Amino acid sequence: MVELKLQVEYRCYASTTELPLEYVALLDCAKKALVKSYSPYSGFKVGAAILLEDGTLVQGANQENASYPLCLCAERNALAVANIQHPQQKIKAMAVVAEKDDIFVSPCGACRQVIWENEQRNQTPILMLIQGPQGSVYSFTSIGDLLPFGFSGADLL
């Protein structure tokens, strides 16, 4: 047996003042999406925003349903809008925020897989920005950093 180790490199910024302006705008766009959240059952509001290669920003917000498995996550909503309205544009970055600023909100497993599919589809990494506690921002070069051993279409062949 061989024991292996998996490490993830990421950056943590104390505040948005350390980020390039395009990423500050992306996080602001995700925060503005929070008001579009429909979360009457959990009260847990999540906003997401996508930066396309041409500079366009696209929003998404979580949409709950009394039948919880039918809820839609903010990240997948934003991806659907980007892919439908801007099919020729590659996704450069995605930001995810929660209304409560005292928690770190990372995409769920299903969202990670869908973001991974978009990376594979566009053949380019999607920078992930996640707003954390007290305004800190976590930056991951690719969703692959949050989804080790991701499943892709190549695995089906």
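Note that Cβ sites are derived from N, Cα and C of the backbone, with glycine treated the same way.
As annotated by TrEMBL, domain 'CMP/dCMP-type deaminase' applies to 21-154. Positions annotated as substrate binding site by TrEMBL: Asn62, Gln63, Glu64, Asn65, Ala66, Ser67, Tyr68. Residues or ranges marked as Zn(2+) binding site by TrEMBL: Cys73, Cys108, Cys111. Annotation source TrEMBL lists active site, proton donor at Glu75.
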Please report the distance from the Cα of Glu75 (active site, proton donor) to the Cα of Cys111 (Zn(2+) binding site), rounded to the nearest angstrom. 6
With Ala66 (substrate binding site) as the reference Cα, tell me which of the binding-site residues Cys73, Cys108, Cys111 is the closest one. Cys73
Check the Cα-Cα distances from Cys108 (Zn(2+) binding site) to the binding-site residues Asn62, Gln63, Asn65, Ser67 and tell me which is shortest. Asn62
DSSP-derived helix, strand and coil totals, residue by residue, for the domain 'CMP/dCMP-type deaminase' (21-154): 53 helix, 32 strand, 49 coil
The one of Asn62, Gln63, Asn65, Ser67 whose CB sees the fewest other CB atoms within 10 Å, among these binding-site residues: Ser67
Cys111 (Zn(2+) binding site), number of other Cβ atoms within 10 Å: 24
Among all the protein chains here, how many other CB atoms are within 10 A of the CB of Glu64 (substrate binding site)? 18
Pop the Cα-Cα gap between Cys73 (Zn(2+) binding site) and Glu64 (substrate binding site) into the table, whole Å please. 8
Cβ neighbour count (within 10 Å, all chains shown) around Glu75 (active site, proton donor): 28
Among the binding-site residues Ala66, Cys108, whose Cβ has the fewest other Cβ atoms within 10 Å? Ala66
List, in sequence order, the residues of the same chain other than Cys73, Cys108, Cys111 whose Cβ lies within 8 Å of the centroid of the Cβ atoms of the recorded Zn(2+) site. Ala74, Glu75, Arg76, Pro107, Gly109, Ala110, Arg112, Val114
Cys73 (Zn(2+) binding site): nearby binding-site residues from Asn62, Gln63, Asn65, Ser67, Cα cut-off 10 Å: Asn62, Gln63
Alpha-carbon spacing, Cys111 (Zn(2+) binding site) to Asn62 (substrate binding site), which is rounded to whole Å: 12
Give me the mean pLDDT over the domain 'CMP/dCMP-type deaminase' (21-154), rounded to a whole number. 95
